[in-house]
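Single-structure report; data block below.
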C-alpha cells in the first residue's frame, strides 16, 4: 500500500510539472525571440556565464546555510605552498560546499597570508577564516626527508585552536550557546572525505571516532568496539600508543576544547604521537564515541596527490621557454 502511494505521488508530480511546462511553452508561442546572445562576443558571453555561475554559487551557499538548526562544524586545515596546493584546496572546498553549517579555518604555514590562498578563499563560496603560522625551521622537514620523520601541521592546528578559544571567550548570548553545540575537525588538504562523515561527527558530545582508510600501510585503521565502547585499535604500528589514531579519525566538541586550555598539539612529539599529545588532555579511551556504524564503515581516506615531475619544465626553463610564471596553477 505504501509503495502504491509513493508511485501515485510521483505520477501526480510528474503530470503537474509536465502540464506547467506545456502551458509555459504555449504562452511563448508568437512572442519575439530574444536574440541578444547571438550578437555578443565570446568574451561577453564568458563574462555573462561567470556572473551567472557566481549567482548560482551564492544561491547554493544561501540554501545550505538556511539549515541553521544543526550544530556548526569548524574545520581546521593546515596548508603550505607547493605545486598541487591549489588543486588540493579546490577538491576539498567542493566537498565542503555540500556540508551545511561548516566554517573552514585555513591556516597557512607561512610568515604572512599568500595571495594564492587569499584569492582562492574569497572565491570559494564558503564561510571561512584565513590564518597563518610559520613552522620553526628546526621543526620543518628538509628536502629528501621522509614524511613521517617530524610531526607536520602542529603549529597551524594550534593556531586554529587559539582562534577558536579567542572567539569563544568573546562570545555572548545565543552565539555562546551555539558554540556549546559545535564540533571541531582537523581535515588535511590531501585527504578524501565522504559527505556522510560530517553528519556522523556533527553530534559529538566529547570526542567521536571512526575508521580511516589507506593509512599506516594498511587497508584501514579503526577503533575496535565491543558493547558500544572502544576497547582497542586495529593498527599495525605501535598499538600501545595512548591513542593510536590518525588525525582524520576523530572530531572534538568545541565546548570541550574551550574548557580545556591545556589541550594542544606537541610539535616535538615522537613519530606517531601527535594525535595522542592532544587527545590525552581531553578524553579517556572509555569515553570515546564510536561513529560510522560502530566503526565498521570507512568514510575518510588518507589519500595523497602524486608529486608532479617537472623534468620537461626544468629543461624548458634552461632554454628560456618555461611556462608563464604569471599563470597560477
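Note that Cβ sites are derived from N, Cα and C of the backbone, with glycine treated the same way.
TrEMBL does not curate its annotations; it predicts them automatically.
Annotation source TrEMBL lists active site, proton donor/acceptor at 275. Look at TrEMBL and you will find 78, 79, 80, 109, 152, 157, 188, 189, 190, 302, 303, 304 tagged as UDP-alpha-D-glucuronate binding site. Residues or ranges marked as Mn(2+) binding site by TrEMBL: 190. Taken from TrEMBL, the feature region 'Disordered' covers 309-329. The site 'Interaction with galactose moiety of substrate glycoprotein' feature in TrEMBL is assigned to 221.
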Lowest local Cβ density among 188, 190, 221, 275, which the record lists as recorded positions, within 10 Å: 190
Structural state census, the region 'Disordered' (309-329) (DSSP three-state): 8 helix, 0 strand, 13 coil
Cα-Cα distance, maximum over 78, 79, 80, 109, 152, 157, 188, 189, 190, 302, 303, 304, record's UDP-alpha-D-glucuronate binders, Å: 21
Candidate recorded positions 78, 80, 152, 221, 303, pick with smallest Cα gap to residue 275 (active site, proton donor/acceptor): 152
Lowest local Cβ density (other Cβ within 10 Å) among binding-site residues: 78, 80, 152, 303: 303
Shortest C-alpha distance to residue 221 (site 'Interaction with galactose moiety of substrate glycoprotein') - which of the binding-site residues 80, 152, 188, 190, 303: 303
